[in-house]
C-alpha cells in the first residue's frame, strides 16, 4: 500500500505474527497500517475493517474471496497475503509498496507529461488484462489506487475484496464518483468494460492533476457523466492519445474495447518502441529505459518537476534583435509580383494608388514612394548600404501595357463613366512634373492590367485621396495616362478635355477620347483613359461636353442620345454634382423636367456653336431640337400632376410653418395644436416626413423634449409627433438614434410620468426594437432593456396596454435578425429581472381572458427561449421565486400552452444546477398528476415532458425518488410499462431506482412492487435492473421479499431468466442472482432442488472467466444449503465436471474455486 507521512503509531499492537506500525492510509471502509512480519522481517500493509461495517451473512463470503485473491500473482498488481479475524476487526494483509501512489506523486511534483503517462498506463493495462483474465473486475481504478515502487514500477491495489465493503450500502454504487462508468451510476452492474472507462479518467487525472468534472460536486458530476456524450478531453494532447481516450469513453459498454486491445493501440505501442532520449532534450525521455519502462524514481521525479516548471513558465515578450538591417522609414518593400493573365474584368475597380509609367521600352511599374528613373537609366552611385537595401528590396510591381491598342466590339458601355470617374479621381492624386527632357511618345493604352492587387487599406474606389498624402510624391513620373475608348458604335470624332479631382465635385470629359492632365504641370501630358461599363444599378455621372471641332449639331446630339430610353439619356448628367460614394448607394435622384430642359438646351447651343466652326459642311436645315422631346414628355405637362405638385408644395410650406412653432417660446396651446396638425398631415402624406428631416432635421424636436418645465400634455403631443414621424421609416429612426434620441425619450418611461406619456414612450421603444438591427443595437447600447422590464412592473389592470407593448417589444428583440446571439439577450434580460416579472404577467393575462388572448402564448414562448439558454440563465429561471408562480398556473393553461410550459421545465431539468431548485419549488408535486391524463389534446406531449423531467429529477437521488413515490408516481410508471408505451424507456429506470431508496419502498409495497419487479424479468433490456432491485430489496427486508419470491411460479421465472438471458445480459444477472441465493435460504433450496443445476452446468463453458467464477460460486452456495448434498452430487455428476475445470481452466481463480468445491464434494462422498 502507499507510503505517507506518519500520522499515528500503533504501540504494542500485534495481529497474528504482524506488528502494526504507522498509518499510511485511511478510507471510508477502514484504516491501512504499515506492518512488520515479526518472523521474517518483511514489511507489509495491513488493512483494518471494523466488523460492524460488514453484515454477518457476508463476512464468510468476503473471507472466502480473500482466500481466492491471494492466488493471484502478477508484477503489476498488489498481492493479497492473508486475512486475520479478531473479535472486533478483520485484518487483510497485503504487499507493501514503498513509494506511494501516483496521485501522491502528482501532489508532490506536479502533473505528468504525456510520454510518462503512456509508460505508466501501459503497465496499468497489463495488470488489468491479468485481472480480467482471472475474472476479477477492479471497480475502482484511479491514481490513488496505482502504487509505485522505487524502481518506477507500478502496481494496482484495492481490487476485489475492497469493493465488497461498499456493496453493503443500499445504493450499491461501487467506485469513486469522478472515475465511475455511466453503467455503474445507472445501477446496471459493473463489468470489465467499466474498468476501461476508469482508466481513461485516470489518464486525464495524470495529465491535468484531476479527473473529469472534478470542479463539480459528486452528485452533479455523476449527472454529467451520464448526461454528456463524452467527458471533456484535455487540450494539447496528441491525436493518438485523443483517439485512445475516445475508445475508453464509449457510453455503451458493449462498444468499449478491452484492455488487451488498448495495449495494441498506437499510442501505447509508441512507448515501447521509443528509444531513450538524451538528457535535457524533451524532458522525459531520460526517465525511461530503452524499452519504455520507468527508470529510477528519483530521475522520474526530477523530470516531472522540470516538465511542470517549463509549462508553468511565463513566455518572455522581449523581442530579439533582427539579423536583417532595418528598413528606412517611409519605404515599403513589396513582394515580387506574380504573372497574371490578360484578364481585364476587374482592373479598374482594384487599382493601386501609386502608378508609374516608364518609357516605351520598359513596362509600366508600380514603384515605392521615392522618385525613380526608368529602369535602364537608373543611376549606380548609391552607397553600399543603399545597394544592399536595394538588393533586399523585391522588384517593383509592374503595370502591363499592350503594345497595340485593343479594339472592343461590345456596344454595351453602361459602366464606362463609372471607371472614368474612378480613374479621374486617381489621376487627381498624381503630381506630374517635367524633370526628364527626353520623353517617349505617349502610349495608346486600351486596358492596363496590374500585376499586384491593391492594398487592403485603400479607399473604396481603389485610389488615394487626391494629393493630400505627402508620401505620394510622383514628381518623376514621366508619362501620362491616356484613354481611347469606344463608347458605342455611333460615337465618332476625337476631342480633348480634362478631369480635375481637386474640386469636391469630380467631372469627367465627355468625348469619345477622354484625356486626363495635370494642371500643375507646365507641359501637360494627356493620359488616354479607357472607361469601363458601370453596373445596371449605378447612377449616371457628370460629363462635360467639349468645345473642339465636330460635326453638325444634329449629329452631335445623335452621338450622345439614346433611342427611346429616357433613363439612359446622358445629356442631363452634366449638371449633376455627385459624390462617388453617394452614387454607389444609389441616392442621386433623376433631375426634374426643368433641369432636363436646361441641359438639352445647353447641349444644343454647344452643338450649334460647333456647327459654325465646321466651315459650313453641316446641314443648316437640320432641326437640332428634333429629338429633344418625345411624345412621352407630354405626360410632364399633365394638368392633374401639376395640381398635385402645387398641393404638395403648399403642404410642405404649411408643415415648415408648423415646425417653426415648436419652440419653447410658443404658448402650450399653440404647440399642442401644431402637433395635432402635423400628425394629421404626416398620416395623409407620409412622404413629407423625409422633406421635414432634410430641411429641419430632428434637432428642433429634440430641443423641445429637453425643456425642463414642459407640461405633460404638451410632452405627450410632441412624443406623438415623433412616433408618427418614425412610423415605418427606418432612415428617420436611425437618424434620430444617431443624435441621441433614444436616451432623450427613454427618460419619460418612469412611473413618475403620466400613463399617456409612458404609453407614447413605450410605442417609441417598440418601434426601435422592431425596425432594424441598428436601432435595436442602439437601444440596447443605451441600456434600454431594463426599461422594458420596468414597463412590465406596472399594475396590469391600470396599464395593460403598456404591459402588452413591453411584451411585444421583448418578443421583437428575440425575433429580429441580429448578429447578437439570442443567448446574450437572455443573459441581459435575466440580469434585469425579467424572469421574476414574466410569471406574474402570465397569471394576469390568463385572468384577463379574451382581451389578452395572444399574450399568454407570447410569454410562454419566451419561457421556452430562456429555458434553452445557457446554465446561468437556466439556474436563474429555476429559482423558487420564478418557477413557483409558473407551476401555480399549470392548471389554468390550455393543453397546448401546458405542453409548452412543461417543455420549458423539462429543458431546465436537463441542467444539474437546477434540480435542487425545482425540487424545492415543488415541481414533482405539481407535475406528477398530469401523468394521470389518458385522453385529450397534446396528452402524448404532456406525458413525454413530465416523464423526462421526473427522469432527470429522480436519477441518482434517493430523496427525490422518495418524493416522487409519495406524490403518487408509481402507479403511473406501472401503467406506461405494462401498456408498452414508448415512454417506458423513462419509466423503467425510475421505477427500478425506487427499490434503492429505503423510504420509497413503503410506497412500492402499496403497489405490489416485488411482484412487479418479477414481471419485469421478462423485459429483455431491463432484466438486470429488475433483478438487481430485488437483490437490494431482499438484503434489507429479507423475510417479506423472500416470501413472495419463494413460490414455484416465481422460481420458474428465475430459471427462465437464467436460461434465456442473452450473452450481453447474462453476465450481469449472475451477481444479483448469487446475492439472492446467498441471502434467502428458501429461494436457495427451491432452486437447488429443481433442474436449475442442469442449466448451470450447460453454462460452465462460457468464455468469460468472470461468468465461470460466478457460476461456481452459485453451485457452491446451492451445495451448502441443499437438504441432500450427496444426492445432488451424484444426481448431476458434478465431480468429473468440476475436476475438468480445476485441471484445464486458464483462470487461476476459477481453478482455485473448482479445487475447493471439489474438496468439499469428495469429503461429502466419503462421508
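Placement of Cβ uses the backbone N, Cα and C atoms for every residue, glycine included.
Going by Swiss-Prot, these are the annotated features:
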DOMAIN    18-268  domain 'Protein kinase'
BINDING   24, 25, 26, 27, 28, 29, 30, 31, 32, 47  ATP binding site
REGION    311-553  region 'Disordered'
COMPBIAS  313-329  compositional bias 'Basic residues'
COMPBIAS  337-346  compositional bias 'Acidic residues'
COMPBIAS  365-376  compositional bias 'Polar residues'
COMPBIAS  377-405  compositional bias 'Low complexity'
COMPBIAS  431-448  compositional bias 'Low complexity'
COMPBIAS  451-475  compositional bias 'Acidic residues'
COMPBIAS  493-507  compositional bias 'Low complexity'
COMPBIAS  508-517  compositional bias 'Polar residues'
Fewest other C-beta atoms within 10 angstroms, as judged across 24, 30, 32, which are the binding-site residues: 30
Segment-level pLDDT (mean, integer) for the domain 'Protein kinase' (18-268): 88
For residue 26 (ATP binding site): DSSP state (helix, strand, coil): strand
Chain-internal residues, separated by at least six, CB under 8 A from residue 26 (ATP binding site): 32
For residue 32 (ATP binding site), the three-state class that DSSP assigns: strand
